Amino acid sequence: MNSSSDGANEGAGAAADNGPTKVAESIAIIIIDILICLGNLVIVVTLYKKSYLLSLSNKFVFSLTFSNLLLSMLVLPFVVVSSILREWIFGVVWCNFSALLYMLISSASMLTLGIIAIDRYYAVLYPMVYPMKITGNRAVLALVYVWLHSLIGCLPPLFGWSTLEFDHFKWMCVAAWHKEAGYTAFWQVWCALLPFIVMMICYGFIFRVARIKARKIHCGTVIIVQEASQKNGRKNSSTSTSSSGSRKNGFSSIVYSANQCKALITILVVIGAFVLTWGPYMIVISTEALKGKNSVSPVLETLATWLSFTSAICHPLIYGLWNKTVRKELLGMCFGNRYRDPFHQQHRTSRMFSISNRITDLGLSPHLTALMARGTESEHQSTTTNTGFSCSNESGTDVMLLDDTSSDATQLHRVIYSRRKSSVTFEDEVEQKNDARTMPTQPTAPSESLESYAFNLAKAIEMDAKISLFGEDVFPSNVQALPGNSGINRNRINFIQKQRVQLQSIEEGNIETSKCDV
C-alpha cells in the first residue's frame, strides 16, 4: 500500500495549480459537503422522529441517506482539507481507512438503489404478495447483504490486489485504479454494474405495466373533468365516465399522455441521476486502468470525482422529498401549525391506494402492508398509523378507500369529512363486535377467511387501478353518466357495487364482509 509520501513528486505539479482553479475546486467541494450533510440529515431526522414513516421501503431509504450522511462526516471533510492544502496531511493509516470507508459507503449506496428497485417492482406488479415477499426480517437481511457485498468488493486492496493511495487530482485516498485493471473491472461489475442492471430491469417492467394499464383505461373510459367552485375558492374535480373505444374527448388524451409522462419522468429521474453522477467517474477510472494514470485530464478527473459525490445530494431529494408523505411531515416539522393545519384542511387525508402512488412516491405506503398484516395477527394492538377501511359515496359511485391518516390528524379528519364518508378502524370495530356479540357464530376456517379477504382486497385494488391508474390525492367528487351510454354505465356501476365491501372485524382468522351504507 502506498502512502502520501509515495506520490510526493507527482503532487508537486498538482500543488502548482493556479489560484482561481484552486479556489473554485475548494469552494465546490465545500458546498457539496454541506449539501450532502444537510439534505441527508433532514431525511434521517424526519424518518427517525416520525416512526410511522419507517415502512419497509423507507427503511431502505433510511439506510441510504444514513450512509450518505456518514460519507459527508467521515470522508468529505478530509477531501476538503486536501483540496485546499493540495496534499494529504493525515497519515498513512487514516489514508487507508478513509479510502476503504469511501469505497464501502459508495458501493453500499449503489447496491441499496438496486434493493429499492426490487422493492418497487414487487409493490407495483405484485401488491397482494408484497407483504409476504418483503417482510421485516427479509428487509434486514437485504441490508446486511448489501453491506457484506460491498465489503467483499472493497477488501482486495488490503490483501495485495491493487493498492490504496492518495490521488493528487481526486484529492482523496482511493484505490489505485491504474495499477490493477482486473480489480478495477471487478469493482465496477460487483458494486456498480449489478445494481444498474437490476434498476433497468425492475423500472422497465414497472413502466411497461403502467403503460399497459393506462392504455386499457384510455380505451375503455372517457374522463371528463368539470370544475366546480367551492366556498373557499378552490376547485374540485368531478368526473363522469362512459364506455367508449374512440378518442372523441380531447381532454382524455391529454390525461392519458400526462399520466404516462408522469411515470416516465419518475423512472428517468431515478435512472438518469445514477448514470449522470456515476457514469463519468466509471469512465475515468476505466480509462486510467486501460491507458495509464496520465491518460485523463486532471480537470476532468476532478470534475468526475466531484460529480460522483453529488449522487449523495440526489438521493434525499429523489427517495425522500419526492415522497409526498415524507415531504408533508418535513414541512410540518419546519413550519408547525402554519403548514400542518392548512394541509389537513385543503387536502384529503384519505387517498386511493393506486399504482400512481407506488411509482411516484418511491416508497410503499405502509397502509396496505398494515392492512394485510392485521389479518394474520392474533393480537390487535394499535399502531402509530391509524389504518382503516372506508367506503365513499360522495360522487354517486362507492369507492373503497384506505385511510392515510396519522394519529394526530384522525380527529380532524373525521370532523371535516363526516358528512362525506364513514371510516372505522380495525381496533374500534373489533371492540364493538366483542361488546355487541351475544349469539355464537359459526366458526369459519382461517384459510377460507384469508382467501376471501385476499380475493376482496385484490378486486378492490384492481378496480382502483382501472378507475384511477394515475389519480391525484383528491378523487373526483362527481360521477355522471354521459347520454347514450346508460345501459353500459348501469352495468359498470352494478359491477362496482359488487366490490363495495367493508372489513368488519379480524379476530382469530374470522373475516366478515358486508356492504357499505350508501
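Going from the start of the chain as shown, residues are counted 1 onward.
Placed from the backbone N, Cα and C atoms, the Cβ positions cover glycine too.
The feature topological domain 'Extracellular' is assigned by Swiss-Prot to 1-26, 81-97, 160-185, 286-301. What Swiss-Prot lists as N-linked glycosylation site is ASN2, ASN96, and the listing cites sequence analysis. Residues or ranges marked as transmembrane segment in Swiss-Prot (evidence: sequence analysis): 27-47, 60-80, 98-118, 139-159, 186-206, 265-285, 302-322. According to Swiss-Prot, the topological domain 'Cytoplasmic' annotation covers 48-59, 119-138, 207-264, 323-518, on the basis of sequence analysis. Swiss-Prot lists CYS95-CYS173 with the feature disulfide bond. Residues or ranges marked as region 'Disordered' by Swiss-Prot: 429-448. The annotation compositional bias 'Polar residues' is assigned in Swiss-Prot to 439-448.
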Greatest C-beta neighbour count within 10 angstroms, which of the disulfide-bonded residues CYS95, CYS173: CYS173
In three-state DSSP terms, the structure that CYS95 (disulfide bond) belongs to: helix
Confidence summary for the topological domain 'Extracellular' (1-26), mean pLDDT rounded: 58
Highest-contact recorded stretch vs the transmembrane segment (186-206), from 60-80, 98-118, 139-159, 265-285, CB pairs under 8 Å: 98-118
Cβ-based contact of the transmembrane segment (27-47) with the transmembrane segment (302-322), 3 or more pairs under 8 Å: yes
Maximum Cβ pairs under 8 Å to the transmembrane segment (60-80) - stretch from the list 98-118, 139-159, 265-285, 302-322: 98-118
Chain residues outside the topological domain 'Extracellular' (286-301) and at least six past its termini with a C-beta under 8 angstroms from it: 14, 21, 167, 169-170, 177-178, 180-181, 184-185, 188, 280
Cα distance (Å, whole number) from ASN96 (N-linked glycosylation site) to CYS173 (disulfide bond): 7
